Amino acid sequence: MDYNPNLPPLGGGGVSMRRSISRSVSRASRNIEDIFSSGSRRTQSVNDDEEALKWAAIEKLPTYSRLRTTLMNAVVEDDVYGNQLMSKEVDVTKLDGEDRQKFIDMVFKVAEQDNERILTKLRNRIDRVGIKLPTVEVRYEHLTIKADCYTGNRSLPTLLNVVRNMGESALGMIGIQFAKKAQLTILKDISGVIKPGRMTLLLGPPSSGKTTLLLALAGKLDKSLQVSGDITYNGYQLDEFVPRKTSAYISQNDLHVGIMTVKETLDFSARCQGVGTRYDLLNELARREKDAGIFPEADVDLFMKASAAQGVKNSLVTDYTLKILGLDICKDTIVGDDMMRGISGGQKKRVTTGEMIVGPTKTLFMDEISTGLDSSTTFQIVKCLQQIVHLNEATVLMSLLQPAPETFDLFDDIILVSEGQIVYQGPRDNILEFFESFGFKCPERKGTADFLQEVTSKKDQEQYWVNPNRPYHYIPVSEFASRYKSFHVGTKMSNELAVPFDKSRGHKAALVFDKYSVSKRELLKSCWDKEWLLMQRNAFFYVFKTVQIVIIAAITSTLFLRTEMNTRNEGDANLYIGALLFGMIINMFNGFAEMAMMVSRLPVFYKQRDLLFYPSWTFSLPTFLLGIPSSILESTAWMVVTYYSIGFAPDASRFFKQFLLVFLIQQMAASLFRLIASVCRTMMIANTGGALTLLLVFLLGGFLLPKGKIPDWWGWAYWVSPLTYAFNGLVVNEMFAPRWMNKMASSNSTIKLGTMVLNTWDVYHQKNWYWISVGALLCFTALFNILFTLALTYLNPLGKKAGLLPEEENEDADQGKDPMRRSLSTADGNRRGEVAMGRMSRDSAAEASGGAGNKKGMVLPFTPLAMSFDDVKYFVDMPGEMRDQGVTETRLQLLKGVTGAFRPGVLTALMGVSGAGKTTLMDVLAGRKTGGYIEGDVRISGFPKVQETFARISGYCEQTDIHSPQVTVRESLIFSAFLRLPKEVGKDEKMMFVDQVMELVELDSLRDSIVGLPGVTGLSTEQRKRLTIAVELVANPSIIFMDEPTSGLDARAAAIVMRAVRNTVDTGRTVVCTIHQPSIDIFEAFDELMLMKRGGQVIYAGPLGQNSHKVVEYFESFPGVSKIPEKYNPATWMLEASSLAAELKLSVDFAELYNQSALHQRNKALVKELSVPPAGASDLYFATQFSQNTWGQFKSCLWKQWWTYWRSPDYNLVRFIFTLATSLLIGTVFWQIGGNRSNAGDLTMVIGALYAAIIFVGINNCSTVQPMVAVERTVFYRERAAGMYSAMPYAISQVTCELPYVLIQTVYYSLIVYAMVGFEWKAEKFFWFVFVSYFSFLYWTYYGMMTVSLTPNQQVASIFASAFYGIFNLFSGFFIPRPKIPKWWIWYYWICPVAWTVYGLIVSQYGDVETRIQVLGGAPDLTVKQYIEDHYGFQSDFMGPVAAVLIAFTVFFAFIFAFCIRTLNFQTR
C-alpha cells in the first residue's frame, strides 16, 4: 500500500519516547477528565505513569503483535477515590462480547455525536503523520441504457403467451425473428461525477431510472440490457479492476437468512468482506507514529486495531455498525421471514444497509435505504454516514424516497433524475436557484426534496408556478435537461468532465484488483461456521427426517417380518429383493427434502455471491461435508431397525456392506437434489426437474425393466443411472450369502438359487460388482457436487420481467380530458405556490378538497362510527433469547395501558420510533392478532367490539402489500368490491365504483397491469401500496386502518396516497394511519396525533393544530426541551425531542408526563363519553357474517382463481411438460410390452411401468401445487381477516380450478402411454384407464394442497408430504403383493390410495385376459386372469368398488384441505 514511507519522521529528533508518552497520556487524560472528574489528580498521575509504562511495553513488541495489542480503558470503582479510569492491555483479536459492549457503551453513548467525535479523532491521528487516505471518484459519460420488452396484453404471463414466447425464442436462435418488442430507454445520454468526501443524494420519481443508474455505477447491470457510454473509477474502466469489490450496491430488497440473528448476519458479512486496506493503513500509521514518538489515544487505537483485525468471528466493527444504525436493541433477535416472526421491516432495512457498511468498502451506492424507517432514525443513520463520508473521504450516492428537510440538508450534492434524464446534478445550494430560473418556487412549508420530485411531473408542476409575468405552460423533462447544460452548475460539470481523470493522482489502494479480499481458507471457515449454525437452527428439519426414516423403517421391518419370510425358492427371494428395492428407493427419496431447503436458500446465496462475499465452492463444500453426519445417523437408523428384523443375510460383514451402500445412496441423492435445485432455481421448476430426474434413474435402474429388456435406444441410460449400481450392489451383497448359494433353484436344477435369482433380475454374477457399485456411487456423489458448485458459480436467479405499461401512458390525452384526475393532481390550480396537503387542515378540509368532484367514487352510503379504547395491554410469551439472557418473567408486555379514541371525519396519525408498538396497537384494535394476550376495553360507537361484525365495517391496509400475484390491478379491485359491498349494490354500480376508486388513487393507467410478486415482477413498491389502499377503499368501510401507507413511496406518490386518504376522511369516515417519516405537508394533513414511545406507551394524544402548533406547544412546555428551529419538520423535531436520548438528558419519562397532563384527562373524558352509546343507537347487526352468500363467495373466488391458474405457466405449463416427458419416457422405455404375455415377468414389467408413471406424475402434481397454494394462502389470510369470504368457498374454488387442468393432463397422458405401451384398444378398457388415471392425478394434487393446509410453510409441507410417499410406495402392491402382506398390516393396504390405483389399472387391462402365461419357480402355467388374482389378489369384478374408492380419496383430500384452511391459522401476528 502506497503511504509514502519515505516521508521524514515527524517531531524533533531528540525527543525521548518516555517524554512523548507522558505528553500524550496527559493529553488523553484531559479529554476524559470531564467524565471521570471525581478521581484525585494524585491518583490520576500514578495511573498516567502506569499507562505510560504499558505503552512503552507495547512499543517493544514485534510488529505483528503490536498491531493487535492495545490498552482498553475501563471504569474501576474505588471506595477512597471514587470511580477511576484504568487501562488494561488487551489483544483485539480476543475481545469477548462483554469487552466489546463495554467499549461501545463508553465511547458511543449518543450515536451521531460520539460517532463524529471518534471519527474526528481517527482522522486527526491519520493527518498528524501525513498519510493520505485512498479516495474514489466515479464518472459516467454519455451513459445510455435500453431494454427490449413486451407491451400490453402480450406482457401478461398467460399459458398462451408463454408458449408463444418460447416458440419465438427458439426461432430467434436460428435467425427467424417474429417477436415484436418495444424498446424502452431507461437512461438517456447522461453524464456526471460522484466525488469523494461529498454526500450525494439521488432523487427522482418512480421508474425514472434511479435503481438502474445505481446498478450501472456498481457494475451490476443485467447482461440483457443494451449499454453504451463509459463508467470509470479514478480513470479506470470497469473491466480494469473489480468494481463489485471496490464499491457496494445496497439493494432496496431485503434478502437475509431468516433464522440468523441480526448480529450473526453482520458478523458473517464482516468476516467475508475482510478488512481491506485497514491493516496496511494501521501498519504504516504505527510505523510513522513510532518514528515520530507519537502516542495514540487508547480508544482510537483500540477502535482502529480492532477494525483492522483479520479473521475474527465477532468483530468490533459489527458492534459499532449495530450502534450507529440503532440495531443494538435487536442484535440477538432473528431476522425472520414471511412465516417466522423476527425484526420489524424498518429494522430489516437497516440490516441490509449494515451488511454492507460493516465491510471496508468506501464507495457505496445505496438504494432507498430509509423505507420503513421513521424520520428521526433516518436522520440519525444518514448523519452517521455523512460523518463517515466527510471524515473518511468515502464516496456515497444514496437514493431516498421521502427525505425530511433536515435529512436533505445533510447532503452536499443532488442528482435529480426524471424520465431517464438528468435534470440537475451539482451542489444542493444551487438547485432551487435552477428551478426559480424557470419560474418555479418551493413553498415555505414544503420540503425541498418533495418539491424536486413533483416539479418535473406534468400532473404536479403547475402548483409551483410563481411567475406573474407570463402564463403557465408545461415544461417537459427534456427542456429542463437541456437548460441545465447551460446553467452555471451544468457548465462547470461539463468542463470538469472534459478533463480526463489523472490516474497518477489516484491512490493505488483505492481500487480493488483481487476478486476476494480474504484468504480462501478464511472464507471456507466462515461459510463452515455459518452452515453449522444453520444446521443447529434447522434441527427440527433433521430430527423430522430421522424420525420419518425410523417410522418407515419400523413399518418396513414389520411388513417384511423375518418370521414371515423364507429362503426356499425364487418367489421368497423376490420378497427380499422387494425389501432391498424399497430401502434403496426410500433412502433415495429421503434426499428430496434437501431440494426445498436449497431452493429457499438460493436468493440470499445469489446476493452474497454477486457481492463477492465468497466463491461458490466455499458454500457447497460445507453443505456437503456437514450433511455427512446426518446421513450416517439416518443410515444407521434404517439399518438397525430393518436389517435383522427383515432377516437379511446374518453375516456382520454383509450388514456393514449394506450400510455403506445405503449411506452412499443417501449422499448421492442429497447431492443430486441440491444440483437440481441449483439448476432449476425455483420451487415449482425444481419439483418438476427433481421428479423427472428421479423418474429417469428409476426407470432405467434395471429393476422395473431388466437390462436385457431395455430398448436399444435407452441402453446407454442404464449405465448412467446411479440406481443401476445401487441395485446391483445391494442384490449381489445379499444373494451371494451362503444361504442362497448353498441351495439349488429346484430339485431337478443344477443352478444355485442365488444365481437363478440374479439371472432373473439380469444382475451381474461377479462378487466384485459390490465394490464397483460402491466406487460408482462415490463417483456420482463427487460428480453431482462438482456440477452443483459449477451451477452455483455460473447460473443466475430466474428473474421475471414486468410488462411495459407506462404510468404516464397517454398523458396528453389525460390533460384537460379528465377533470377529476386533474383536480386530484393539482388539488385546486387556483392556489398556485401553496402546498395543497398543508391546506387540508381541520378548518378548510372541505374547501381544499376541491368540492364534491374529489369525493366522486366515495358516495356509497355508510354509517359513521367512532372507536374508543381504554387501558389496552398486550403481552406475548417471553422470547427464548431473552430467557436465555436471564429474564425471569414469563410474558413480555408490548402495549402498556393505551387509551384513546378515533372519530369520524378525523384523520389520526399513529407515530413513534421503530419498535414503539404502532403496528401492534393497530393489529390489536383491528382484531388481526393471532397470538398473545390482550387486555382492555375496545368499543365501537359505545358498544363492545365484536370482531365478526367489525370486519364488515372496517378496512385494514397492511404494511406488507399482500395480493394475488397473477391477477391485474382492476381484477383485484373487482374481487374486493364484489365480495365486500352489500348485495343491494348492483353489478354496474360496483363496476363504476371500482373505476372511480382506481382514479382516486391514480391507478387507472395501470388497470391491466399484472400485480406480480414483490421485487420480482409486476407493480413497483409505490404502485403496490396504492393498490393495497384501493382494495380497502372499494369495500366502502366506516373505519380504515392504514399501516404505513406512505412507506416505500416517493414524495409525489405519498402525496397522491394522502390525497386519497384525505378525501376518504372528508366523507365522514374514521381513518387511522401509522406513519414513519412524513414530510411537513403530509404530517400536517392529519387532524390528530397519537405518539408512542418504545415500550408501547403513549406520550401524546391530541390535535395537531394549524401548522402543528398544538403538539409543538405541548412539548416546548416542558423545561429543557429546545425550541423547534425555523422551517424544521415538526414530525422530526417531535420524535427527536421525545427520544430516549432526550429523556436521559432531561431525566424525564414523557409517558409519565403525559399521564399527569390535562391533555390525558381530557382524552380520558372523551373515551368515557364515546364508551356510552348515543341515545336511540343500536349495536352493529348484520343478518349474515359476510356480504355475499356462499354461492356468491364461491363464484367470486372461482373467478379470481381461474385467472390465477391461467396466468401461472410456471405451474401449469411446467406440470404439462413434465407429464408429456413422463408419458414419452414410459412409452419409449416400455415400448409395446403391454401385448407381451408369455410369462409372469412381462406382467411384472407392465405393473412396474404403470406404478412408476402414476407415482411420478402424482408426486409431481403434489409438489408443484404446494408453492401455488402457499402463495395464495398468504393472500387468503388477509382476505379472510378482512371479512371477504369464509374459508369453504375459497377452498372449494381452488379445488374446482384443478379439475379442467388435470383432465387435459390425463387425456394426453393416457393417449400417449396407452398407445406406446401397447395396451388393447377397447373402448371400455381405455375409458377405465383414463378414469383411474384422472382420479389418481386428482387425489395426488389434492393431497399436495392438503399438506400445505396442515403445515405452516411450503418447506414443512414438502417434508410432510414426502413422509407418506414412502408408505404409499410400500403398500402400493408392487414391492410386496397383497397376499404376502402380514395380516396386521393388511388394513393399511386398503387405505393406501396408490394401491387402489394399481389395482384399477391392472384389473381394467388384464382382468378378462385368458391367455396362459409361464409362472416363476416351476409352478404350473396359469391364465393372466388367474395369475393376477392368485399372485396380486386383484379380482376382475371389483372395478366398481375401485372407482368408488378413488372418487372417495379425491373428495377426502379435498375436504381435509378445506377443513384445515378453515380451522388452522399459521400466520403469527
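Every residue, even glycine, has its Cβ placed from backbone N, Cα and C.
Predicted, not measured: the structure shown is a model, and the values here were computed from it.
Per Swiss-Prot, the feature ATP 1 binding site maps to GLY204, PRO205, PRO206, SER207, SER208, GLY209, LYS210, THR211. According to its DSSP assignment, PRO206 (ATP 1 binding site) is coil.
Annotated ATP 2 binding site per Swiss-Prot: GLY912, VAL913, SER914, GLY915, ALA916, GLY917, LYS918, THR919, in sequence order. The DSSP secondary structure for GLY917 (ATP 2 binding site) is coil.
Annotation comment: Swiss-Prot describes 829-845 as compositional bias 'Basic and acidic residues'.
As annotated by Swiss-Prot, domain 'ABC transporter 1' applies to 171-444, with the evidence given as sequence analysis. Regional average pLDDT for the domain 'ABC transporter 1' (171-444) in the model is 88.
The feature domain 'ABC transmembrane type-2 1' is assigned by Swiss-Prot to 522-735, with sequence analysis given as support.
According to Swiss-Prot, the feature domain 'ABC transporter 2' maps to 867-1119, an assignment based on sequence analysis.
Look at Swiss-Prot and you will find 1192-1406 tagged as domain 'ABC transmembrane type-2 2'.
Under the heading N-acetylmethionine, Swiss-Prot lists MET1, citing a large-scale study or a structure entry as support.
If you look up Swiss-Prot, you'll see SER37 (among others) marked as phosphoserine, on the strength of experimental evidence.
As annotated by Swiss-Prot, phosphoserine applies to SER38 (among others).
Here Swiss-Prot flags SER40 (among others) as phosphoserine, drawing on experimental evidence.
Feature annotation from Swiss-Prot assigns phosphothreonine to THR43.
Swiss-Prot lists SER45 (among others) with the feature phosphoserine.
According to Swiss-Prot, the feature phosphoserine maps to SER825 (among others).
If you look up Swiss-Prot, you'll see SER841 (among others) marked as phosphoserine.
If you look up Swiss-Prot, you'll see SER844 (among others) marked as phosphoserine.
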Give the number of CB atoms, excluding that of THR919 (ATP 2 binding site) itself, located within 10 Å of its CB.
20
Give the nonlocal contacts of the transmembrane segment (1326-1346) in its own chain as ranges (CB under 8 Å, at least six residues past its ends).
1254, 1257-1259, 1261-1266, 1269, 1294-1295, 1298-1299, 1302-1303, 1305-1307, 1309-1310, 1314, 1319, 1357, 1361, 1364, 1393-1394, 1397, 1400-1401, 1404-1405, 1439, 1442-1443, 1446-1447, 1449-1450, 1453-1454, 1456-1457, 1460
To the transmembrane segment (575-595), which of 540-560, 659-679, 713-733, 1216-1236, 1441-1461 is linked by the most Cβ pairs under 8 Å?
659-679
Within the same chain, where does the transmembrane segment (1441-1461) have neighbours whose Cβ lies under 8 angstroms from its own Cβ atoms, ignoring anything closer than 6 residues to its ends? I mean 6 or more beyond.
1273, 1276, 1287-1288, 1290-1292, 1294-1295, 1331-1332, 1335-1336, 1338-1339, 1342-1343, 1345-1346, 1348-1350, 1393, 1396-1397, 1399-1400, 1403
Which has the fewest other CB atoms in a 10 Å radius around its CB: LYS210, LYS918, the listed binding-site residues?
LYS210
Look over the recorded stretches 713-733, 772-792, 1384-1404 and say which has the most C-beta pairs under 8 A to the transmembrane segment (540-560).
1384-1404
Spatially, which candidate from the binding-site residues GLY912, SER914, ALA916, GLY917 is nearest to LYS210 (ATP 1 binding site), comparing Cα atoms?
SER914
Which number gives the other C-beta atoms within 10 angstroms of the C-beta of GLY204 (ATP 1 binding site), all protein chains shown included?
24
Using a Cβ cut-off of under 8 Å, list the residues of the same chain at least 6 residues beyond the transmembrane segment (772-792) that approach it.
605, 609, 616-617, 619-621, 624, 660-661, 664-665, 667-668, 671-672, 674-675, 678-679, 722, 725-726, 728-730, 732
Have a look at the binding-site residues (PRO206, GLY209, GLY912, GLY915, GLY917) and report the one with the fewest Cβ neighbours inside 10 Å.
PRO206
For LYS918 (ATP 2 binding site), the one of GLY204, PRO206, SER207 that lies nearest, given that the binding-site residues are compared by Cα:
PRO206
For the transmembrane segment (713-733), could you work out the same-chain residues 6 or more beyond its ends whose Cβ comes under 8 Å from its Cβ atoms?
577, 580-581, 583-584, 588, 649, 654, 657-658, 661, 664-665, 668, 672, 696-698, 700-703, 707, 757-758, 761, 763-764, 766-767, 769-770, 772-774, 776-777, 780, 1228-1229
Determine the Cβ neighbour count for PRO205 (ATP 1 binding site): the number of other Cβ atoms within 10 Å of its Cβ.
24
